[in-house]
């Protein structure tokens with residue numbers, strides 16, 4: 001995560017995104033894969049998403065989030081958490097539950113959620129000739 | 001990935017992509033998040049990727065793959081496997097190892113790999129009023 005802050009604030013970087021790094025296992029990865037409806041009302045979708053990003057950062061044990069997607073295509077979001085308690089706190093957050101309900105009612109055609117305990121992780125960074133692994 | 005090809009080649013495209021569903025846990029999710037180099041030689045990248053997709057389907061216990069990304073942005077690929085043996089077989093496949101080496105040498109600016117055991121999963125599909133959970 002420190003990489004992210006560093007490159008985001010660096011003027012010489014061309015601001016390429018930085019994936020969440022390899023933490024010491026065990027930790028949790030929550031994989032959310034979704035496809036949006038074609039006829040939904042998305043007026044409040046963006047604001048809701050931003051609010052969820054703000055909220056999740058308040059969860060003790062939240063480690064970071066990776067997101068990729070293209071309009072009309074599959075969207076993949078992976079949230080990382082220190083332990084199962086942190087995942088549960090996020091899952092059962094009242095505002096998050098309300099947003100999930102709205103997502104099912106208005107925004108998502110389909111989605112899958114996989115809650116998984118990371119056993120091994122590894123990261124690579126070219127410029128630093130950096131390679132770092134756990135597990 | 002085949003979903004994406006299908007929707008990319010379909011002009012009328014109501015072929016929206018379908019995320020991999022919720023399997024009975026435990027199973028494994030291998031999360032690969034990457035950012036490509038800006039000055040790499042990508043002439044053989046597409047063919048190598050296609051070959052890897054072909055190869056991974058031959059691994060007994062391979063369950064599927066989700067991918068999302070945008071040009072110049074973060075790319076997130078999640079491969080699903082029945083058990084740790086299947087993950088290991090894919091990880092140690094000779095042709096895959098050669099492709100990984102090439103990825104570090106030529107294509108990736110940075111990446112992170114998280115190998116995780118899925119403990120709980122859930123899927124939702126709107127048209128079928130389908131909601132299905134495990135764990």
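For all residues, glycine too, the Cβ spot is worked out from N, Cα and C.
Just so you know, TrEMBL annotations are computer predictions that nobody has curated.
For the domain 'ABM' (B:31-102), the model's average pLDDT works out to 95. The domain 'ABM' annotation in TrEMBL covers B:31-102.
The region 'Disordered' annotation in TrEMBL covers B:1-20.
Break the domain 'ABM' (B:31-102) down by DSSP state and the numbers are 29 helix, 21 strand, 22 coil.
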